[in-house]
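Annotated features in Swiss-Prot:
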| type | residues | note |
| --- | --- | --- |
| BINDING | A53, I54, T55, G56, S57, G58, K59, T60 | ATP binding site |
| COMPBIAS | 502-512 | compositional bias 'Basic and acidic residues' |
| COMPBIAS | 513-537 | compositional bias 'Basic residues' |
| REGION | 502-548 | region 'Disordered' |
| REGION | 532-561 | region 'Important for nuclear localization' |
| MOTIF | 171-174 | motif 'DEAD box' |
Amino acid sequence: MENVTEGTWDSLPQKLNGSIRRTLEELKFTHMTPVQSATIPLFMNNKDIAAEAITGSGKTLAFVIPLLEILLKREEKLKKNQVGALIITPTRELAVQIDEVLSCFTKHFPQFSQILLIGGSNPVDDVRKFKEHGGNIIVATPGRLEDMFRRQADGLDLVICVKTLDVLILDEADRLLDMGFEASINTILGFLPKQRRTGLFSATQTQELENLVRAGLRNPVRIAVKEKGVAATSTQKTPIRLQNYYMICKADEKFNKLIAFLQKRKQEKHLVFFSTCACVEYYGKALEMLLKPVKVMCIHGKMKHKRNRIFTEFRKINSGILVCTDVMARGIDIHEVNWVVQYDPPSSASAFVHRCGRTARIGHHGSALVFLLPMEESYVSFLSINQKCPLQEMTELIISVDLLPKLKAMAETDRAVFEKGMKAFVSYVQAYAKHECNLIFRVKDLDFSSLARGFGLLRMPRMPELKGKNFSDFVSTLIDTDSIAYKDKNREKQRQKMLKERKEKLETEGRKHFAKNKAWSKQKARKEKKQKVALKRKKEEGSDIDEGDVDELLQDTRLLKRLKKGKITEEEFEKQLTAVGGKSEVEEGSEDSN
């Protein structure tokens, strides 16, 4: 099913509940989007749905509304701890967002309790909340939900609670699989009753997703919704109200271009994407220092407890910058995002589309810009062909001030900045080497000197990818980087303590090494003693060798070793060897005379 259009809520075959209609009016949703128009009637008619629609097309309401309608029509009212609907989504941020949208509706239905189960909170608290307040509708991330199913020892048996399940929603299903949740999803599906309605929503279709459809859905209706106004032969995957731009610049120009771009738009709200968590940490700090008083916030996948707070705070502010990784690339709906800036292209072409889709949400206008190196220019054509995502070049940006010296000065005066810069550079190169489109993004073609200057590095880091490379056009700082201190006095105090302990350890290990040498000498003496015993045994067994022969043999061996090590010359060796032999002969003569 593809040819669907927008329509009013009253045009639905089944009339919506009055409270749901009032909520839609409160939220100022007067018309359905194409995906809502296609999905809601089928879902309300008890069909399983596999829906593919572009990012920002209104998929959340496409499952929230029929989910509530199905629960309202239940013959038997749900008890507090009975689960009627389950929504699984890949990230905490998306789960929080869905939970908020759902709350706008459930506040009119006190008979339904809802609960949010995501990482970053104490699972024991989640169990307590569920037992106290119930959870007729659960919004969850896969990891936490799987953990809750296994927590029977805490007095909650979620397996029993989901026996009443009517609706299962897998939101951003392709991302669920991309993020490695396939095993968790299969485990969760094993706990759920077969008699249920299932809705699977995604922005792209893959073979892995097809396998999930076969495993989790029964005779699903497949829906692929295109943008209204897009030609039938086209399958453009970004909203038509989104303007996509690209800019070609050298690696050591990118940072200055980014600053110039953001300074011109200080009163607006932007997302700036980087390829790694370390790059977010480093450039986020740099932007915060150089763009004051603009509000700059950072979020990435390695943040545990702060992510939810930062995400909520950014959604509330009217202007500012959120520096992030692809943790923010899917499904997140932040109002009034003016620009999505991709400082680094993402690791896959599909992720490019999802990043852009954080602006121009549900009918709003928005713009996106990606910075590309000269060697990456063919990526523009690749996106146009592979993702049906046309881009136009932005050329008018003028750099007024070179801020790279300031970036280096920050590293020279604070070890935290210096270390973050080195770590960011290494992580960027490693991520670049793993790029999905490696015919365009070739790590061997990178200008590492220009890249290092763009990162404001004081010296080149040691890493395998740089082995054998020439960096004649990169000038390292004259400062001894080991002497750079942390601005944070406590961290610097701790560092000095560690340096002192390391020095003492090295000195101790040196003394131990000396002791080992002495022990080796003893070992050598024991070895010689063994040789004597062995030779003596041979003599007792009838050998012609006597103790004098043994001593002479050992002395000859020692002399030979000294010669090999260069401790004596050949002349000295011959002389001492003769002396040893002469001595033996004298001793033998005296013994014969006796």
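Note that Cβ sites are derived from N, Cα and C of the backbone, with glycine treated the same way.
In the predicted model, residues of the region 'Important for nuclear localization' (532-561) average a pLDDT of 64. Under DSSP, S57 (ATP binding site) is assigned to coil, being neither helix nor strand in the three-state scheme. For the motif 'DEAD box' (171-174), the DSSP-based tally of helix, strand and coil residues reads 2 helix, 0 strand, 2 coil.
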